[in-house]
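One structure is given below, encoded as structure tokens.
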Amino acid sequence: MNNEITYYFPCQRWLAVEEDDGQLSRELLPVDESYVLPPSEDEEGGGDDNNPLDHLALEQKDKSTTFSVTIKTGDKKNAGTDANVFITLFGTQDDTGMTLLKSSKTNSDKFERDSIEIFTVETLDLGDLWKVRIGHDNTGKAPGWFVDWVEVDAPSLGRCMTFPCGRWLAKNEDDGAIVRDLFHADLQTRLYTPFVPYEITLYTSDVFAAGTDANIFIIIYGCDAVCTQQKYLCTNKREQKLFFERKSASRFIMELEDVGEIIEKIRIGHDNTGMNPGWHCSHVDIRRLLPDKDGTETLTFPCDRWLATSEDDKKTIRELVPYDIFTEKYMKDGSLRQVYKEVEEPLDIVLYSVQIFTGNVPGAGTDAKVYITVYGDLGDTGERYLGKSENRTNKFERGTADTFIIEAADLGVIYKIKLRHDNTKWCADWYVEKVEIWNDTNEDEFLFLCGRWLSLKKEDGRLERLFYEKEYTGDRSSNCSSPADFWEITLSSKMADIDIATVTGPMADYVQEGPVIPYCVSVTTGKHKDAATDSRAFIFLIGEDDERSNRIWLDYPRGKKGFSCGSVEEFYVAGLDVGVIKKIELGHDGASPESCWLVEELCLAVPTQGTKYTLRCNCWLAKDRGDGVTSRVFDLLDAMVVNIGVKVLYEMTVWTGDVVGGGTDSNIFMTLYGINGSTEEVQLDKKKARFEREQNDTFIMEILDIAPFTKMRIRIDGLGSRPEWFLERILLKNMNTGDLTMFYYGDWLSQRKGKKTLVCEMCAVIDGEEMMEWTSYTVSVKTSDILGAGTDANVFIIIFGENGDSGTLALKQSANWNKFERNSTDTFNFSDMLSLGHLCKLRVWHDNKGIFPGWHLSYVDVKDNSRDETFRFQCDCWLSKNEGDRQTVRDFACANNEIHDELEETTYEIVIETGNGGETRENVWLILEGRKNRSKEFLVENSSRQRAFRKGTTDTFEFDSVYLGDIASLCVGHLAREDRFIPKRELVWHVKTITITEMEYGNVYFFNCDCLIPLKRKRKYFKVFEVTKTTESFASKVQSLVLVKYEVIVTTGYEPGAGTDANVFVTIFGANGDTGKRELKQKMRNLFERGSTDRFFLETLELAVTRLRLAARRGW
């Protein structure tokens, strides 16, 4: 007591359930007497401004931590509780002590079954939170309680942690405990940018009726459009009545996102509710701590305007920019330095004229309330209601333009707008033609071409749309909403120049260091009653030398969660390229006893390696099932491996033309052709806003390794509210090599405009050179001279040649008025077609319509007019449902091509590329393994006169052998010359690639070896390489085009309801093409019944079958 010291513990807070944050206890920090300074005489403001302790609230908030505690009560019978619930948070430095949870922000009747309660717990620094103790006092009529989980969010720490429970807190349930210690699940912890405290003081003016009962909100903006979320300042109705009175200062301490060192503007507004919602704001002060926390800075934002629908310009939202900054900083000597300065070059307050054009189509106008948000590189306007048109009383009518004035801080270059309406009134549907925005200060003009419906009944049923400025070419990732969108951005070329460490927001969970490639993951959940889980699953990929990918989350699009019993879920993800995958780890983030998961099968496809792994797992991933683990490592040596064909990543950019109505809602399909084959027809994903007028859309495609490309076929189905599309051009960029291929069109795909076609073919242009020639074809069709040979059906053909196929050609306009009559010849001309080169096959079919659809076809002649060469396809058979074998689709080989007898001997050319990892002076031997035979040993002898296998060189050899058929593998050995001394150190030869060409037909087999082969004296040491890529020559393909008959046997399962009455179709694929879509049908038979076996015969040219596709229009 000799040295008397007085400690001050300021509080200035409620301890009441119905007030403030509902806490009944608080922890207080002492402050020094010198910290509490008397107010200066000239300090302005009303209300509580004269209380010096008010100025300590910001510092106290910074030294404390506010936790938002969310508790989920389980969805079980009698899961809710009437007892008093308490919680204790444990950190590495301290704990909160027992805290009663009295005031829930969500429900007045707390802890009911399947409910979520949110509480606020404020305390001093606890250190790192590691444990939560939850319990109750076992009072009330039904004290038993089942807790699913507890979530603790600390905005000031930037960490949200989940503590799984999944157990009873009840005397008569489980183990009888009513208090449990919960530990956080690391995998469910969410990290984000920590919040910082702001002291926000709003001054209401001294004018008549200046006060308001409305709920006031604020948004704070920093540089580069960084901003806080919209935050309402009052937490309840009572605060709304107490604050914002005439000639008063309303002070709030809030934790919001850190917007950086500079605050460029704020947006204030209200919800226009209450008896007197109008408000006149004098100014706003925002005080925050300096970065080193050795002082504060206060920014003043003048306003002196009404925020009211009945005053001033009738707006309830204002944007304010700072006028001056008042800084208080404690120096090293303990003195307080105060600096006042004006803000240099603040943003201008600008009036923007927004002119919205409603389309001139039936039903285009709307009576709904329309809202707009304008985005620029300096920020956005926030959502603004377009209430009063400057030039029209009845706004948004068909074929009219309405002008609105928006006051906002300078947005810089405007690049995006968001339009929506609330779908109210009778005529809510709205068709927006375009939007023009003028900056009235510098007269900048921005044009947004829309041409879309905002309607639940039209197009894709959306009431909200994003539109980009006509000249904008930047990033459009704000359209991303699903994990697949983010993975696509991760794979794109735009990530090459981005520092991974600087990526924030949703993308931060997807980016990773190193080369990234796509993976396709499929997970089958078991059918056990407890097999399902709502946990979040993940995988790790483990390659050679234990190289591991980052954790790859298997996330659904928004709105879907978990794995249901018996489900098969597929995910498109991207991850580190770990080379040859050796192991895969599968797990989930569930930590409660109820988050069990039974995994039946796991499939992993690696498109860039052409490999698919299938693992039969049949194991539990659960805390209380099996061996109690929630993640498991699977060795891919136990997997079934299937070759699915190597695919190459391409970045595809599609340009839609700048013409009215150029965008489309139709489905778009693409087929690519190259020197080494063609792809199947694939659909281009439209996503949200792709293929719109004067827009270029870039996305990632996985394409078979068929480059260099020769042509591309684009087809639309002509469906949707906008069935036409103006295609300008398409660019393909190889992501590995950077090679570019351009395809030009510049016309409509439409049944009414341009060429009046829904299909187009574009020639590939590489380095300014077209890869194919243009030609025209004349098709002559001879109908046979037998009874009933003519047809009334519609006939179609597809022509196949060495450069691909023609696509479907309808035989419509003939010189004969009545086409395809008995013993007649009909001629059809097809101009402006890409040359197919030498023809090899023709597919003919009809739609079986008309009075007499049956048709007996004699032959078809196809003349290539640019080459003056005619190709004959001899038919002499029925295409009829009632005659012959009842097939209406037939394939015919070209009679011009000579079919040779099978080879017995041939010559092989072998090209060996030696890498930089090691050359050799010794001998090399090879043995070729074919589908039909195995070659003898081919020995390449090295000598001082004729050196081979030098570093970085390519050597070519030829040798004669029996015909081996398709080469499948290659044995390579490194053999010492006779009487040659071999040193103790290992000598290796680096073989990089080996290319083998069969000289008679010209088939090429490529082996990507990239291997070091050690020198040995014996031939029993060698390396075996599988063929990496095969290029079949046209001459070889012709040899296999012989007519064969396939029997298709279909067995329907025994499951209840397994049968079908739907039409069933089959497509058989092979190395030589496919059959096209064939219907499986038989007369007078009930097909595809439960447990039955049905047989069908299809006649076509030899395919070398690799797979088939079955399709039914209903369940089967």
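Glycine too: its Cβ is placed from the backbone N, Cα and C atoms.
When TrEMBL is compared with the stretches 36-55, 376-395, the one noted as region 'Disordered' is 36-55. DSSP states for the domain 'PLAT' (648-763), grouped as helix (H, G, I), strand (E, B) and coil, give 0 helix, 65 strand, 51 coil. The domain 'PLAT' (350-468) shares the most Cβ pairs under 8 Å with 648-763, out of the stretches 65-183, 517-635, 648-763, 775-893.
For the domain 'PLAT' (648-763), the model's average pLDDT works out to 91.
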